[in-house]
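Annotated in Swiss-Prot:
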type    : residues         : note
BINDING : H113, H117, H123 : Zn(2+) binding site
Amino acid sequence: MAIELDLQLAVENEEGLPSEQDFQLWLDKTIPLFQPQAELTIRIVDEQESHELNHEYRGKDKPTNVLSFPFEVPPGMEMDLLGDLIICRQVVEKEAVEQNKPLLAHWAHMVVHGSLHLLGYDHIEDDEAEEMESLETEIMQGMGYEDPYIAEKE
């Protein structure tokens, strides 16, 4: 099975989005570093859905780039279901321009970042953030992309 992706495109305009193969590649280069098999959903949404979900689940009154919803496996059950990633197209596109990053690289970074959240990583505390950013950089560079945090380090 390896990494099984359910890609949902819930946007008005699908033109210019990464391909399903892109999303699969990014997952295949991330999740097997931590576990051999997984199932997850990536849902690409517009700003309205992102805003509603971010408000409902995080209390933030704005859209966000990526939301992660890890699946909590009931005790005593064996399942490979990791959870869901909700990625907002407009926020990703806007951030790529603001951060002067290639759009495809920023999409890849959002998938890597969200996947690490599903795997239990976080960036609330400084030491956690440092570990997570280091992993993201290593994974992104392993796929041939630049350090996604290079602008912050300069």
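Cβ from N, Cα, C; glycine included.
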Residue with minimal Cβ packing [other Cβ atoms within 10 Å] among the binding-site residues H113, H117, H123: H123
Chain-mates of H113, H117, H123 with C-beta within 8 Å of site centroid, Zn(2+): V66, S68, G114, L116, Y121, D122, M132, E136
Secondary structure at H123 (Zn(2+) binding site), reduced by DSSP to three states: coil
